[in-house]
Every structure is written in C-alpha cells, then in structure tokens.
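J.: First the structure, then my questions, so here it is.
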Amino acid sequence: MTIILCGLPTSGKSSLGKALAKFLNLPFYDLDDLIVSNYSSALYSSSAEIYKAYGDQKFSECEARILETLPPEDALISLGGGTLMYEASYRAIQTRGALVFLSVELPLIYERLEKRGLPERLKEAMKTKPLSEILTERIDRMKEIADYIFPVDHVDHSSKSSLEQASQDLITLLKS
C-alpha cells in the first residue's frame, strides 16, 4: 500500500513519514527533498531557495512532475504543506494510495511556525491574504480530499517512542 501524508507546515509529515516508512519497511519520499535533489544547483541548495528562484507556479509544476515520475511500487510519500492546493499535484497522487491528512489545531501550528519560521510559499501567499485565511483554505482542501484524517497534536516529533506509537495508531486507522 502507498501512504501519502499531507498537512500544514510543521504538522510532522517528514518526521512521522520517516518513522512510519521504517516501521512498514517502505521506501520514503519527501517531496521537499526530491525538489532539492532534482532542481538544486550551485545557486539553489534548499527547497526555499528553489521556490524563491522559480516562483509559485513553476515550483508547483516541479512538484507535480516529481509526483508523476515516482516509482509505482508501494511507498510512503510526504507532500509539501501547499502541494495539494494545485490540481496537477492532486491528480498525480489521487489514485496512488491512501491520502492521510495529519491534522493539528491551528494554535499549535502558529506556535510552531513562530519558532521555525514561515516557509517561502506561505510568505508569498501572505502578500495577498492573511495567514489565517491561507491555512484555513489549506485545511478545508485537505479535509475535502483526504481518505483519512489523523490528529497529531499529541505527537512529540522529537521522540522516537512517540513517533512509533503514532505510526502504530495510524496503521490501525488505515486498517479500519
């Protein structure tokens, strides 16, 4: 089975994705890492730098292209926080496997974003809309298209045991 994780920035897509992939012995694909490995250069070494250089539309096209070219075998895929706002990216994964929305209450997202900083895509979007509206739109979209909603407010992403427990809980949800 292929499992695709979506969620807001800081929801734990990468940390839980790695733990779950290890638990299930599946290959793990982090879309942000794949963007870097496919589009980095001497000038751009992070997905944030690539986003700034390419702009939103071209960056989104890159995400969709990568999703379309992933190997067909079962895997665990972690999407970017805004990936599913673009129809081409959704089309690339919609029949690929189980889409799981990692839900986190907004106050906790705000707290984490304040500590970690805003991703470039959010900074760009905030030129035309307030952050609360952007995040609410993303939540609504992910809830609408996700096969499963998995609350992760309680998960400590720096704790191996917490990630292992969340992995087991998510597997139980997927089997239900």
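Each residue, glycine too, has its Cβ placed from N, Cα and C.
As annotated by Swiss-Prot, ATP binding site applies to Thr10, Ser11, Gly12, Lys13, Ser14, Ser15, with the evidence given as sequence analysis. Per Swiss-Prot, Mg(2+) binding site is recorded for Ser14, and the stated evidence type is sequence analysis. Annotation comment: Swiss-Prot describes Asp32, Gly81, Arg138 as substrate binding site.
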J.: With Thr10 (ATP binding site) as the reference Cα, tell me which of the binding-site residues Asp32, Gly81, Arg138 is the closest one.
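T.: Answer for the nearest of the binding-site residues: Gly81.
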J.: Within a 10 Å radius around the Cβ, which one of these binding-site residues has the most neighbouring Cβ atoms: Thr10, Ser14?
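T.: Going through Thr10, Ser14 one by one, the largest Cβ count within 10 Å is at Thr10.
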J.: Suppose we draw a 10 Å sphere around the Cβ of Asp32 (substrate binding site). How many other Cβ atoms does it contain, all chains included?
T.: 21
J.: If you skip the near sequence neighbours and keep only those at least six away, which residues in the chain come within under 8 angstroms of Gly12 (ATP binding site), Cβ to Cβ?
T.: Leu102, Val104, Val152, Val155, His157
J.: For the C-alpha pair, I'd like the distance in angstrom between Ser14 (ATP binding site) and Asp32 (substrate binding site), rounded off.
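T.: Cα of Ser14 (ATP binding site) to Cα of Asp32 (substrate binding site) measures 9 Å after rounding.
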J.: Determine, using Cα-Cα distances only, which of these binding-site residues is closest to Ser11 (ATP binding site): Asp32, Gly81, Arg138.
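T.: Comparing Cα positions, the candidate nearest Ser11 (ATP binding site) turns out to be Gly81.
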J.: Since the record lists Lys13, Arg138 as binding-site residues, which of them has the fewest other Cβ atoms within 10 Å of its Cβ?
T.: Arg138
J.: Through the lens of DSSP with three states only, how would you label Ser11 (ATP binding site)?
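T.: DSSP assigns Ser11 (ATP binding site) to coil.
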J.: Nearest to Lys13 (ATP binding site) by Cα, among Asp32, Gly81, Arg138 (binding-site residues)?
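T.: Considering only the listed binding-site residues, the nearest one is Gly81.
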J.: Long-range neighbours only, meaning 6 or more apart in sequence with Cβ under 8 Å: which ones does Gly81 (substrate binding site) have?
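T.: For Gly81 (substrate binding site), the qualifying residues are Gly7, Leu8, Pro9, Ser11, Lys13, Pro119, Arg121, Leu122, Arg138.
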J.: Relative to the mean position of the Cβ atoms of Asp32, Gly81, Arg138, the recorded substrate site, which additional same-chain residues have Cβ within 8 Å?
T.: Cys6, Gly7, Leu8, Pro9, Lys13, Leu79, Gly80, Gly82, Thr83, Pro119, Arg121
J.: Measuring Cα to Cα, how many Å separate Ser15 (ATP binding site) from Asp32 (substrate binding site)?
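T.: On Cα coordinates alone, these residues lie 13 Å apart.
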J.: What are the other residues, in sequence order, whose C-beta lies within 8 angstroms of the center of the C-beta atoms of Thr10, Ser11, Gly12, Lys13, Ser14, Ser15 at the ATP site?
T.: Leu5, Gly7, Pro9, Leu16, Gly17, Ser78, Leu102, Val152, His157
